[in-house]
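Feature annotations, courtesy of TrEMBL:
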ACT_SITE  GLU188  active site, proton donor
ACT_SITE  GLU393  active site, nucleophile
BINDING   GLN40, HIS142, ASN187, TYR322, TRP442, GLU449, TRP450  substrate binding site
Amino acid sequence: MAKKKLVLKQEEEHDSVTTQVRRADFPPHFVFGVSTSSYQIEGGVDEGGRGKSIWDVFSHTEGKIVDGSNADVSVDHYHRYKEDIDLIAELGFKAYRFSISWPRIFPDGLGTKVNEEGIAFYNNVIDSLLEKGIEPFVTLYHWDLPLHLHDSIGGWLNKQIVDYFAIFADACFAHFGDRVKNWTTINEPLHIAVGGYDTGRSAPGRSHNPSVETYLAAHHMILAHSAAVSIYQNKYKEKQGGQIGLVVDCEWAEANSDKIEDQCAAQRRVEFQLGWFLHPLYFGDYPKTMRERLGDRLPEFTDEDKELILNGPMDFVGLNQYTSRLVFHAEDSGEEGHFEKSQQVAKMVEWEDGEMIGEKAASDWLYIVPWGMRKVLKYISDTYNNPPIYIMENGMDDEENENVPLQEVLDDKRRVAFYKGYIAEVAQAIKDGVDVRGYCAWSLLDNFEWSHGYTKRFGLVYVDFKKGLTRHPKSSAIWFKDFLKDSQE
Ligand code: GBH
């Protein structure tokens, strides 16, 4: 099909670029970093005065995590942060993107009294990074909501959460903002809403009333994000001189034919992912395509809300980009969950001739499609007036298999090819005129992969879960080291 040829031709064009991608293809001030999140790596769940989060309960609930594991210890970053930061420095990364565990700062989330031990832990992390010349990129919320806020007020379902999040954000800016210049508020509100309140595959694991709760949770996240941004812009920015954004995630949707209805379906699919959050933040309301399908299940922004979301806009878009799908219009897509069904978009991973859109990684959702990265970046740039973009996550996983010898596991050739391919597409996007300013690989370490427990390994650095949690850089880590050295020549 014409459509198919076009895409493949573009892919071929990139093959030559791909094998040659160099640090020098990026502007000198472009920043390369590596990414993690608090619950996935810290462990130390009962230490330092930390309160419980909804993920502690979820991971300890039978049947929620495929290998029956939890992140009570995880990779013990809480105690090994110095070693981990040394590793980041050794690999040559100039940025480290991590998240702050809200219940370490306010154990019950209410924000009455800050937990000094929590502040001290992140101060240590931040200071160690700066000593090594690594720029901290801090995410305020990567899914670990203080349990008490869920139990007492219903967490993201209650509008009061906006105030509690604002108090938490304010405390973080006040304590860390003298040294942290790059903030993001919420990581993947889409997944928090859909995983937490529709499919129930993420904490708090609700699928009780998905046609209402999913959209309400998302609505409150937009307001909470905006409240934090507004505090930063009005109270801290001038003095501290940093910047703040939101982290959205997007699977690129490529129409599987040239038919108008399939083209519209592809557009709609991207609007349901990015537009759900970025349309309100840039234009003041949800995308029309969402309203048409969801009606008043999508809450309204009051005049007061609108003032909040449009006033003091964020400085950049944070993007998590992993994978892509071919899509077509389908009245009844057969997809699972209210959010997926309501889009009237069916997804597939094969072209018409049976060729795959890309190789599958270990996770069922993750097909390797480098050109999707360039398209998502271009889309954001075209739709939202070319905002600065930082890629906050991009990576792939291998299946845990204890029978494969360590030396073999460490030589992760497929991940090296993955990064070469995707990073080359980022360079192309910059040539297209997209204002991409930074890139973080997911993830520094193998870690607790949410409902997949320790069965999937996303790390550049292997962690031996059986032998003392020792760290072993994989070939991909070494590839980054060489790639980044290139810039200093
Ligand atoms: C990121 O999300 C997360 O920010 C990060 O914490 C995580 O470790 C990383 O991806 C790798 O997964 O299990 O079928 O319900 C990426 C977007 C959204 C992709 C949720 C997987 C779950 C599919 N993710 N989705 S399913």
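Counting starts with 1 at the first residue shown.
Just so it is clear, glycine is given a Cβ too, placed from its N, Cα and C backbone atoms.
Predicted automatically and left uncurated, TrEMBL annotations should be read as such.
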Pairwise Cα distance maximum in Å, substrate-binding residues per record: GLN40, HIS142, ASN187, TYR322, TRP442, GLU449, TRP450: 18
How big is the Cα-to-Cα gap, in Å, between GLN40 (substrate binding site) and GLU188 (active site, proton donor)? 15
Between HIS142 (substrate binding site) and GLU393 (active site, nucleophile), how far is it from one CA atom to the other, in Å? 12
Additional residues around substrate, ordered along the sequence, whose Cβ is within 8 Å of the centroid of GLN40, HIS142, ASN187, TYR322, TRP442, GLU449, TRP450: SER37, GLU393, SER443, PHE458
Three-class DSSP secondary structure - GLU393 (active site, nucleophile): strand
According to DSSP, does TRP442 (substrate binding site) sit in a helix, a strand, or coil? strand
Other C-beta atoms within 10 angstroms of the C-beta of TRP450 (substrate binding site) total 23
Under a three-state reduction of DSSP output, how is GLU449 (substrate binding site) classified: helix, strand, or coil? coil
For the residue listed as 'active site, nucleophile' and TRP450 (substrate binding site), the CA-to-CA distance in whole Å is 16
